[in-house]
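*Asks:* Right, I'll just put the structure down here and ask away after.
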């Protein structure tokens, strides 16, 4: 079974590019990372930074998660991210996404030993 940390990497990490390559980026990535397998995942964020830099956020600014838990952390610096949001015309299995590139602080939930990101909570 895929670990929570491995799932975070599959769903949210794209260190190979510094930003979204094209407006088609989300359509390609959401499919290749298996985020459209049994349904269209409505919203997803990819982070274009090294895994080490994203894992380091777990020792940065402690903030409350959207669900009220206290194991969320906000990055001190902004990071290159791509937001993928399902379009109005999207219909499973032909999931369609709008690609939006941004520089924002990320908020992740961390757990385990080693203490690593397991959930992408928000960007601010």
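Backbone N, Cα and C define each Cβ position, glycine as well.
So Swiss-Prot says this about it:
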- 12: active site, proton acceptor (ACT_SITE)
- 7, 10, 41, 42, 43, 44, 45, 66, 85: substrate binding site (BINDING)
- 26-84: disulfide bond (DISULFID)
- 40-95: disulfide bond (DISULFID)
- 58-110: disulfide bond (DISULFID)
- 65-72: disulfide bond (DISULFID)
- 34: N-linked glycosylation site (CARBOHYD)
*Asks:* To the nearest whole angstrom, state the Cα distance for the pair residue 95 (disulfide bond) and residue 12 (active site, proton acceptor).
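*Replies:* Here the two Cα atoms are 18 Å apart.
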*Asks:* Can you give me the same-chain residues 6 or more apart in sequence from residue 26 (disulfide bond) with a CB-CB distance under 8 Å?
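*Replies:* The list for residue 26 (disulfide bond) reads 20, 44, 82, 84, 85, 97, 98, 99, given in order along the sequence.
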*Asks:* Could you give the Cα-Cα distance between residue 45 (substrate binding site) and residue 58 (disulfide bond), in whole Å?
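*Replies:* Checking the Cα atoms of residue 45 (substrate binding site) and residue 58 (disulfide bond) gives a distance of 18 Å.
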*Asks:* Sort the recorded positions 34, 40, 65 by C-alpha distance from residue 7 (substrate binding site) and give me just the closest.
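*Replies:* Considering only the listed recorded positions, the nearest one is 34.
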*Asks:* Out of 12, 41, 43, point to the one nearest residue 72 (disulfide bond) in space (Cα versus Cα); all of them are recorded positions in the record.
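*Replies:* Going through 12, 41, 43 one by one, the closest to residue 72 (disulfide bond) is 12.
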